[in-house]
Amino acid sequence: MTRPLAPRTGAGPGPRTGAGTPAPGPAGSRADRPRADRPSTARTAGRRGAPALLLAPFMLLFTACTLIPIGYAVHLSLYTERRSGLGFGGTVSVFTGLGNYTRALGDPAFREGFLAVAGYCLLYIPLMLGLSLLLALLLDSALARARRFFQLALFLPHAVPGIIAALIWMYLYTPEISPVVGALDTLGAQPDLLGNPLPAVVNIALWEWAGYNMVIFYAALQAIPREVLEAARVDGAGALRTAFSVKIPLIRASLTMVGLFTVIGSLQLFTEPMILHGAAPAVTSTWTPNMYAYSAAFDRNDYGLAAAASVLLALTAAALSYAITRGGRAGSSRRAKAGA
């Protein structure tokens, strides 16, 4: 005997109550969740605004210390100072457009400064990258001992302010007071360490920055998985083969970063030649673009020309930075495709 089905008043599957009203769902469903458990609009808006609030101090400082000075330098570069009347009145700013840029590019001293920095980069950058990478590889090798001591000893010159470092080396370069030059004189050698300022400046910069870049490379080498190095050792790779075929390719990103920072720092060369200017006759007051801008601003009071030279130097640094970054990304893409 079959029991007749009770008539259903609602449409669709599932239990119904009343005139098609759905039965209460299981505990904890979205429909029965208390209103207090749901994220409020104010709380969601607060979470979305938190990144902007955290970035606000940085953006304020970046605007005040970077964007506004850059904008003011560009503004200054478009004007020049001229005396009113017959030359006995006050100075007035006159809009010259690109006139200051034309003057800077047409000045042989400015072009010679760029050539001096180019020669400095060609000598300094390979030596810096090679020396700091070699020191990092030696510290990372299995035969290295007293790593902490050598890290501190190699990094310590970077802790010396640039002006102090340049003064120390100027003392060592000057023949009348240098114990190094005196010792070489007793051996029959008479070196003129300040006759050619380029190697002298490169030596100071290497002494200051090789340890700093070594620490960056050493940290990147320490981040290489030990399993990769163990696999290379099992395959029969020696120390040199592991360094050139495994370690260096795996830290190319650090190499690109250090190379980028080194190029930018080389273009901004100022402290070392400025200190040597008093002892080395070959180092003129416009030996680098930065020194040229400094001389134009504070020796000749030509702020428009100084600003134009600074803007041209900044554009050169930006172009080289873009080229280095783009080249690093292209190389990474090619290696990824080759690996795939």
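Every residue, even glycine, has its Cβ placed from backbone N, Cα and C.
Given the structure is predicted, the values throughout are model-derived calculations rather than measurements.
According to TrEMBL, the region 'Disordered' annotation covers 1-45.
The compositional bias 'Low complexity' annotation in TrEMBL covers 1-10 (among others).
The compositional bias 'Low complexity' feature in TrEMBL is assigned to 18-28 (among others).
Feature annotation from TrEMBL assigns compositional bias 'Basic and acidic residues' to 30-40.
Sequence annotations record features per position, and here TrEMBL assigns transmembrane segment to 52-74 (among others).
Sequence annotations record features per position, and here TrEMBL assigns transmembrane segment to 114-137 (among others). Sequence-distant contacts of the transmembrane segment (114-137) (same chain, six or more residues past either end, CB-CB distance under 8 Å): 154, 198-199, 201-202, 205-206, 209-218, 220-221, 243, 247-248, 255, 258-259, 262-263, 266-267, 269, 287-289, 316.
Residues or ranges marked as domain 'ABC transmembrane type-1' in TrEMBL: 118-324.
The transmembrane segment annotation in TrEMBL covers 149-172 (among others). Sequence-distant contacts of the transmembrane segment (149-172) (same chain, six or more residues past either end, CB-CB distance under 8 Å): 135, 139, 178-181, 193, 200, 203-204, 207-212, 214-215, 218, 271-272, 274-276, 278-279.
According to TrEMBL, the transmembrane segment annotation covers 200-221 (among others).
The transmembrane segment annotation in TrEMBL covers 250-270 (among others). Residues 117, 120-121, 124-125, 128-129, 132-133, 201, 205, 209, 213, 216-217, 219-221, 224, 228, 288-291, 294, 313, 316-317, 320-321, 324-325, 327-328, 331-332 of the same chain sit 6 or more residues outside the transmembrane segment (250-270) yet have a Cβ under 8 Å from a Cβ within it.
Annotation comment: TrEMBL describes 303-325 (among others) as transmembrane segment. Counting only same-chain residues 6+ beyond the ends of the transmembrane segment (303-325), those with a CB under 8 A from a CB of the stretch are 70, 73-74, 76-81, 96, 100-101, 103-105, 110, 114, 256, 259-260, 263-264, 267-268, 289-290, 292-294, 296-297.
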